[in-house]
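Single-structure report; data block below.
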Amino acid sequence: MTILLALFPILVIFLLLFILKQSSVRAGFGAYGIAILIASITPRFHLETAQLFHSSIKGALISSIVAYVLLFGIFLFHLMNEEGLIKVIASFIAHSTPDPVRQVLLLVVAFSPLVESVSGFGIAIIVVAPILIELGFSRYKATLLSLVGLSAVPWGALATGTVIGSNLGGIPLQTLGSGSAILTAPTFLYFALVAVYLAGGREGLKKRGGETIIVSGSLAASVWLFNAYISVELAGVLGALVAMGVELLFIRFSMKRAKTASPSLSRMTSSAASDRVHRIGSAMLPYLFLTGLLFLSRLIPPVERFLTSHMVLDLAEYSFQLPILYSPGFSILITCIFTIFVFGIKKKVICKSIRLTIKQWFPVTFSTFAFVAMAEIMSQAGMTAMLAQAAAAAFGSALMVISPIIGGIGGFLTGSNTGSNAMFINLQVQAAHHSGFSAELFGYAQNTSASHMTMASPSRVLLGVSVSGIHTAENKILRKIFLIATVSLLLVMIAMIALEFSLLH
């Protein structure tokens, strides 16, 4: 009975999301309310009012890390989108090659992770799906491809979900980021091959298989390198830029061969290519400026020391620190101001961008708070510890196989690795301790599997079909993308077992 009580807040999320078809915000607050109720009236999990208040405030503080980054990340996207910069970037990619497979490699394998890494929470779907439709892909295929493009979610919105996981799981951010990159490496290749197959079928795989392996391999390798040696927050952005550069090199070499075969084609395309390069350079300026700021703040010690020692919100009572100037949120804010002035964005556009930002920001922020606060109360009341012990006793050595499934369920339910990590990462880490496994390894699995299943989340699928205008195909797309995402969990399990074996030997 006590185990069922401990599990009840999580069961409420299932009930509200899938049976009663409620929003993530309502599901989150419903579960949060149930957690408070259980902790208030049951002797086994009893917390005083002051303890409940403390856990809720701590949940709000941890959520503020995400809210800060998200607010300006979404605002930057809308500024660029309303000013037409996103369309310029998309047009450049679309016109770089007439080959649909290469268009998909650029848009889905490279550009989508870039947009998601900066803005997060499915915004890449809004950007990529309409471009694919404009290029001639069917609305069904464009929706599927845009969902498959959510392959770098651990680094979405400058890795805010991974930051939350680090805070709640007690795993150093760089350790969690690097470990997640290792488990994600085979899935980068898998999702790239799926995208190429959707775009060109078996013939596309046969023709561009080697190219796909190299491009996705460059993404995987660079994401790991940037996690391990530069910055977890920057890893997704920089890895995506590397992958985009590699694919553009393939396209450039192909064009050179075509120009050699046809000199007249060379004369016709050179001036147009020069103009496109100039326009893409201008449109990419906000992303490049943001990357430069983050490099300065992470790689130059005097700058890093200054930013981490000034304007720091330090609440020792809650074991909470937020260096306001060092947070990626501040760098994005500066980038927003830079973008407004450099491109001379008008007041009307700024106001519209603010309205659109608030409309997207509030639901995500409120649902994140609810999930994190629920997790804090469950942890403080001993519910998480009881569930961890029960899981360790029930599954034993099989817990390693179950771990990615738990993370995946969270990602599928909430459509966010932030929400899933808030729900489950503490449970996963404690279960690993009880079973004698590496707690860090279970943290990697939680973060990675949750991220990959977000593409199959009903909220993400609904966003995709809404953007593409094919609501009648929602269930068909949900079944297809669920199958695609589930295979990625199998790859995470295999990578997890291989990593555990290598750690033991």
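Keep in mind that glycine also has a Cβ here, set from the backbone N, Cα and C atoms.
The transmembrane segment annotation in TrEMBL covers 29-47 (among others).
Summarising the annotation, TrEMBL assigns transmembrane segment to 59-80 (among others).
Per TrEMBL, the feature transmembrane segment maps to 104-132 (among others). Beyond the ends of the transmembrane segment (104-132), by six or more residues, the same chain brings 70, 73-74, 76-77, 81, 86, 89-90, 93-94, 96-97, 141-143, 145-153, 155-160, 191-192, 195-196, 198-200, 208, 211-212, 215-216, 219, 235-237, 239-241, 243-244, 247-248, 251, 287, 290, 332, 360, 364, 415-416, 454, 459-460, 463-464, 467-468 to within a C-beta distance below 8 angstroms of the stretch.
Feature annotation from TrEMBL assigns transmembrane segment to 144-164 (among others). Remote same-chain residues near the transmembrane segment (144-164) are listed as 62, 65-66, 69-70, 73, 104, 107-109, 112-113, 116-122, 124-125, 128-129, 132, 137, 173, 176-177, 180-181, 184, 187-188, 191-192, 194-195, 198-199, 219, 223, 232-237, 239-240, 328, 332, 368, 372, 411, 416-418, 420-422, 447-448, 450-452, 454-456, 460-461, 464, 467-468, 477, 480-481, 484 (criterion: CB distance under 8 Å, separation of at least six residues from the stretch ends).
Remote same-chain residues near the transmembrane segment (176-200) are listed as 100-101, 103-105, 108-109, 137, 141, 144-145, 148-149, 151-152, 154-155, 159, 162, 165-166, 169, 207-209, 212-213, 215-217, 219-221, 223-224, 227-228, 232, 235, 440-441, 443-445, 447-448, 451-452, 484, 487-488, 491-492, 494-496, 499 (criterion: CB distance under 8 Å, separation of at least six residues from the stretch ends). Summarising the annotation, TrEMBL assigns transmembrane segment to 176-200 (among others).
Under the heading transmembrane segment, TrEMBL lists 212-230 (among others).
Among the features that TrEMBL reports, transmembrane segment is placed at 236-255 (among others).
If you look up TrEMBL, you'll see 276-300 (among others) marked as transmembrane segment.
Summarising the annotation, TrEMBL assigns transmembrane segment to 320-344 (among others).
Taken from TrEMBL, the feature transmembrane segment applies to 356-375 (among others).
Long-range neighbours of the transmembrane segment (387-413) within the same chain, counting only residues 6 or more positions beyond its ends whose Cβ lies under 8 Å from a Cβ of the stretch, are 3, 6-7, 13-14, 17-18, 27, 153, 419-421, 423-424, 427-428, 430-435, 437, 442, 445-454, 456-457, 482, 485-486, 489, 492-493, 496-497, 500. Residues annotated as transmembrane segment in TrEMBL: 387-413 (among others).
Annotation comment: TrEMBL describes 481-504 (among others) as transmembrane segment.
By number of Cβ pairs under 8 Å, the transmembrane segment (320-344) is matched best by 59-80 from the list 29-47, 59-80, 481-504. Three or more CB pairs closer than 8 A are found between the transmembrane segment (276-300) and the transmembrane segment (59-80), so contact between the two stretches is assigned (pairs 6 or more residues apart).
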